[in-house]
Each structure stands twice: as C-alpha cells, then as structure tokens.
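Peer 1: Just passing along the structure, written as structure tokens.
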Amino acid sequence: MASCVSDTARSLSCRDGRAAAHLKLISIAAIFVTSVVGISSPVLLSRYFQGKPAYDKATLVIKCFAAGVILSTSLVHVLPDAFHALSDCRVSSHHPWKDYPFSGLVTMIGALIALLVDLTATSHMESHSAVGGHGHGGYELVPVGAREELVGKNSNLKGKNSKLSVDVEVAVGVESNSGGGSEEMLIRMKQRLVSQVLEIGIIFHSVIIGVTMGMSQNQCTIRPLVAALSFHQIFEGMGLGGCIAQAGFKFGTTAYMCFMFAVTTPMGIVLGMILFSATGYDDSNPNALILEGLLGSFSSGILIYIALVDLIALDFFHNKMMSSNSWLRKTSFIALVLGSTSMSILALWA
C-alpha cells in the first residue's frame, strides 16, 4: 500500500489537463497518418507485384513478417499491459482480483473463442463446398503458393502426357470441371476469415490503447507515447495489411478494413477524453483498470491464436512452396524474426 501511495504522489506532480489535451490532439493526427502508412504499404506492394513471377514469394515473406509483428504484439505488448492493469494495487488489493489470475484465464478464453470461430467457419465452408461441388467436399486448405505450384506442375505434365495429367489432377483432389474452383474458393475464404478475426483482435487492442490515453491526464505518460505509438501503429498496420493483401478482398472491402484500423486508435482517444469529461474517471481509476485488463487479456488470446495457428504453423508446416524451397524457408524465418524483433524493441517505449 505504501508503494501505491508513492505512485499516486508521483503521478499527481505530472497532472496537467491542458497540456495533456494538447498532446492528445497531436497524437490523434500522428497516429492516424502512421496507421494509414503502415496498413497501406503491404497492400500497395502486393498490388504492384501481382501477376509478376515473384508475387507469391513476396506475399509469403510479407505475411511471415506480419506474423512476427502480431506474435510480439500479443506477448510483449498486450498481455503484459493486461497483467499490469489487474495487478495494480488499486485492483489487486480487493476481492476477487487478488484471489485468482484473471488475466491468464481471459487470455485462454480469447484463444478458445478464436479456435471456435475458426472451426465453425471452416466446417461451414466445407459443408458449403460439399453441396456446391456435387459431393466432393474433401479439399485441403492450402496456404498461398501451394495451389499455383500444383497448377504449374500439372501444366508441365500436360505437355508430356495428357492422360497422366488427368491422373495427377484426380490424385490431388482437383477436378477439371468444378473441383478446382471449389478448392480455390475454400482457400480464399479461409484467408479472408483469418484477416477478419485478426482485425477484430487488433481493434480491441487499439481501442484499449486509445481510451487509456484519452482518459489519462498525466502529461509525463502521454508525451513519450505519442512517438512510440506512432511507430507501434506502423508495424502493427504492416502486420494486418500483409494478411489483408494475401486474402485478395475487393477494393471496397480492403479500403474499409484499412480505414477502420487507421481510425480506431484516434477514435479511442476521443472516446477516452469524452469518458473523462463525463465521469471524471482517469486511467488510474480501478474500474478503468479492470476493463483495460480484461479486454487486453481477451484480445491477447485472439492474437496469440491467430499468430501461432493461422499464420506461422499454416505457412511453415503446410506450405508446399516453402517446404520445397530452402532459400524461401530461411528468408521467411528471417522475416518472422525481424517482425517480432522490431515490435519487441518498441516495448521499451510503448
């Protein structure tokens, strides 16, 4: 309790509502611009390389960098912040918060819910394919590049022996009349599902960041966060943008998802400022800390599942293009490490 009193005294010396409001207005503009730059960069790059020989490889490397960013975001940024909020002396000194590790519990619930959504959507897509494909619903969800590899091998075989080509098509489960289209649809729908669930988790995280900053009246806390969160949004935007680029959404959907990511944190800051004006709660209020801890833990669980299962495991263990190319596998792993390292370094400031 003595440390809690000393922390309160230290924060009171930095409280300045007018200076804090000025810094928040600067942060809204800076975070919006950097968010747009971060999320649009991989989308524009993918459109530039589309149709070129290196398109699949470039998309895969960008996606691996994105996976590293998302994994670091969940484990180095979101989860420690959630633990810190619920272990604050204003919260942890009361029941039931001092009796049970709620951060870990809610993180597990977030991961299980992400798994449930994944299983339900995949089951729905497979049953839909079985109906639309005249009973042939047993198609494998193949990561980026694998479908193109099968088509490329098949076209080479066709030049030598057309009957052997047909046998290879049947062996891989791609029918010449409708199976290929059904498999392609399943792959694309899976990629889009991953992007949408990932954006939900990131939006939770962005809202928490914004509301926390908006409610804070501590200029000593806000000042270093302006620059740190700007870089944070660039890398997090690159992570989400890489997944959106691979999913191949239409222009309108892509623009909408990029816009939502760019405005979520600024809107959270505005919402936090409104909440402080209406309730007088700042970021050190016990109720605000509890909400921050629970939402942060939940979004962390979603992001951990997406990063490890739908991004890293899918590409490194189930991507035929990567397994047959040692250079690409090494490059992808380096991209994964660079993404996680760059985001982890930012934890020194934000």
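Every residue gets a Cβ built from N, Cα and C, even glycine.
What TrEMBL records for this protein is below:
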TRANSMEM  25-48  transmembrane segment
TRANSMEM  60-80  transmembrane segment
TRANSMEM  100-119  transmembrane segment
TRANSMEM  193-213  transmembrane segment
TRANSMEM  225-244  transmembrane segment
TRANSMEM  256-278  transmembrane segment
TRANSMEM  298-319  transmembrane segment
TRANSMEM  331-349  transmembrane segment
Peer 1: Which range out of 100-119, 256-278, 298-319, 331-349 gives the transmembrane segment (25-48) the most CB pairs under 8 Å?
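Peer 2: The stretch with the most contacts is 256-278.
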Peer 1: If contact means at least 3 Cβ pairs within less than 8 Å, sequence distance 6 or more, would you call the transmembrane segment (256-278) and the transmembrane segment (331-349) in contact?
Peer 2: no
Peer 1: Using a Cβ distance cut-off of under 8 Å, indicate which of 60-80, 100-119, 331-349 has the most pairs with the transmembrane segment (225-244).
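Peer 2: Looking at each of 60-80, 100-119, 331-349 in turn, the most contacts to the transmembrane segment (225-244) are made by 60-80.
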Peer 1: Could you tell me what the rest of the chain brings near the transmembrane segment (100-119), counting residues at least six beyond its ends with Cβ under 8 Å?
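Peer 2: Same-chain contacts beyond the flanks: 79, 82-83, 86, 193, 197, 201, 293-294, 296-302, 304-306, 309-310.
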Peer 1: Mind checking which residues of the chain, 6+ beyond the ends of the transmembrane segment (60-80), have their Cβ under 8 Å from one of its Cβ atoms?
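Peer 2: Contacts of the transmembrane segment (60-80) (Cβ under 8 Å, skipping residues fewer than 6 from its ends): 42, 45-46, 103, 107, 143-145, 198, 202, 205, 232, 235-236, 238-243, 245-246, 296-297, 299-300, 303-304, 306-308, 311-312, 315, 319, 321-322, 328, 331-333, 335-344, 346-347, 350.
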